[in-house]
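Remarks on the structure that follows.
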Amino acid sequence: MKHPLRILIVDDSPEDAILIVRHLQKEFSPMYERVETPDEMNDALDRGGWHLVVSDYVMPRFSGLGALQLMHERDIDLPFIMVSGQMGEDAAVEAMRAGAHDYLIKDRLSRLIPAIKRELREAVVRRERRVAEEALSATEARFQSLVEQSLVGIFMLQEDIFIYANPKLGAIFGYAPEELIEKRSLVDLVAGEDQIRVLTQFLRPLKEGSEPLHFFFRGKRKDGAAIDLEVNGTRTLINGADAVIGSLLDITERRRAEAELSKLWRAVEQSPVAVVITDLRGCIEYVNPKFIEVCGYSGPELIGVKTSILKSGDMTDEFYRDLWQTICSGKEWHGELHNRKKNGDLYWESCSISAVKNPEGQITHFVGVKEDITERKLVVDQLRQVQKMEAVGQLAGGIAHDFNNLLTVINGYSTLLIRALDEKSTMHKEAEQILRAGERAADLTRQLLSFSRRQIMEPRVLDINRQVKAVQKMLERLIGENIRLVTDLAPDAGLVKMDPGQLEQIVMNLVVNARDASDTGGVITVETANCELGQSYTHLHPGSQLGSFVRLSVTDRGQGMTQEVKQRLFEPFFTTKEMGRGTGLGLATVYGIVKQCGGYIEVISEPGQGARFDIYLPRTFQEAESQARQQLDEAIDTDHTILVVEDEPGVLNLVVHTLRMRGFRVLETTDPEQGIVLFDQHADEIDMLLTDVVMPFMSGPTLAERLLARKPQLKVLFMSGHTDNRTSFEKTLERGMQFLPKPFASDALIRKVRDTLQGTGSQEAARAIPGGSN
């Protein structure tokens, strides 16, 4: 099959054109168009699709050379064969120089077909070469543009001198590229301290080896500023000579950012608070060492796990829903979480959780900052409990004071009535019932005063082991046969200074409480030991103090108690026992006595695990006192005048009546100011002042000080249900005054009056005042 061939023939002779086409039909299937002017040739070339051009050399209105020039002007590369009737050698050379690919004589067309075949092949080669060159040129242009516009400095070195530097490299150092090329070496741009390193660790190894190198150094700009640089280089050949090509990046800002990031990282890693970062589902992606320390899990155990691994189960689902709604809305959440450690221990933490957003403002993570506040909450809860007990104690003390005034009257007149009635009469027995009821009520007020730390004490130096042994038999009877009492008393247990009766109350109340908690039997253990309370203990137990203590411990194996019960344990009248099985004052009394003595109570108990009460009593290093008290029963000298000042009329009437019955002369008033007036009127007669302590407008100690200023030898006896201002007592008791606690019997009143008038018992009175002289 003949190949198609489209020929543009430039010739003024149609016959010659047909001759050429007929000759070509031997090998091809030619299609042709004949033109004889430049315009016709232009139109034909515009239509395109030609395989070659065959042109006559000389024509009337055109020429072969003109056709060649027209093709060159239009940048058309087609095989061009010159065919002429007559063509000399000079013309042929001229045609070839003008761009013709071959020339033939019209009457010698045998060479036409081989020439066309050759030229068609060469045209294909030229076309392919031209396409490749154009592609190469485009690629070179693209690479040149890439290098010139690169944000990375690019360079070439020969003999360490720049032979090329792109604009970015110049900008990094503050130079124009032409200031560097063939004028400066790389070492010229290195900070002095790094020049040796660049020579020996970068340039020299590149020259000696073929492996690319990656290197960091400090450079210097044209303005002298130091910059941090990162360079990559490799060895190559340029024009047959060794060279180095490389890229250079200014990492000054990156280094600064890395330093900032490193600082922040160290701060978070070394932070005293726990830090956790999670994804949007709450899966942990990062925890700092403090977080690991607090929760007890290792880093690998936490990464990828949801934070719910720490849930204690004590927080409600609604609580967590509110938390998630807050942080998912982009707001910060603050609160407290009750969590569980790996070992099962519960702990409280103060927590702030906030969203982490990307540059577009979308939430990508959550970050939590947490602080373990378990110890702080324990201290705050204990402090709150102490403050509550203080408030309840003040209330109890005030109530007891009022009751003591009433009971003084009730019990006093009951005693007088009993003495006045026939022992066999019904009224005598009824009066005794009234007195017994009053005495029971007085016991209750004494317990309230013990709780409020206003009970009047007579402290002595006691051997605590001896006191426990003294009541052991009684305790065994109290607890019954189904419970065993065990004592473990340290042989070297120290001495304490307190009221013996109150120490007995502590032991009995604690043992009875242990008995009631051990309904099914068991063992109650009473222990003593010496101990030192240091800062590590007092820091965790508000109300405790540094120093030497004797610890009295009572332990049972009973039902134990909940945290809620422990918080209310020492409140007056609080009890978990059935109605009629207790007053709710036993442990409140223990609390008051211990606090009054300067001690501390710690309760250790869990439901079903029994309970242990540790009582810390201040240790004294004085010698133990004899418990024997000499009873004075001397005759009473009633030839004295006594000024009685008492704001409670009932108590005043009873005291005055009792004293006058015994033969004393009495001046009386309910008003301290009136008492001063009476004293001024009868100063020579009055031998003693008998006054209440707590009164409106003026206290008893203040009244005593004002009268003593008038008459220093005046005897003073105070009476009260409790004391509020111990400082006044310390000043007045040092001057030989005495104290009588309410409620009191008439005989006790007379004995105290006798002691005061005779000037005995002042030191005992001092010891009777809480916080007074010892």
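Note that Cβ sites are derived from N, Cα and C of the backbone, with glycine treated the same way.
The domain 'Response regulatory' annotation in TrEMBL covers 6-121 (among others).
A simple way to gauge crowding: the CB of Asp56 (4-aspartylphosphate) has 24 other CB atoms within 10 angstroms, across all the protein chains here. Look at Asp56 (4-aspartylphosphate): DSSP puts it in coil. The 4-aspartylphosphate annotation in TrEMBL covers Asp56 (among others).
Annotation source TrEMBL lists domain 'PAS' at 139-209 (among others).
TrEMBL lists 213-263 (among others) with the feature domain 'PAC'. Taken through DSSP, the domain 'PAC' (213-263) splits into 12 helix, 31 strand, 8 coil.
Under the heading domain 'PAS', TrEMBL lists 260-304 (among others).
Each residue in the domain 'PAC' (331-385) has a pLDDT score, and their mean in this model is 90. As annotated by TrEMBL, domain 'PAC' applies to 331-385 (among others).
Residues or ranges marked as domain 'Histidine kinase' by TrEMBL: 398-621.
Across the range of the domain 'Response regulatory' (641-757), the DSSP-based residue counts are 54 helix, 27 strand, 36 coil. What TrEMBL lists as domain 'Response regulatory' is 641-757 (among others).
Residues or ranges marked as 4-aspartylphosphate by TrEMBL: Asp692 (among others).
Residues 310, 339, 341-343, 345, 347, 349, 356, 363-372 of the same chain sit 6 or more residues outside the domain 'PAS' (260-304) yet have a Cβ under 8 Å from a Cβ within it. For the pair Asp56 (4-aspartylphosphate) and Asp692 (4-aspartylphosphate), the Cα-Cα distance reads 153 Å.
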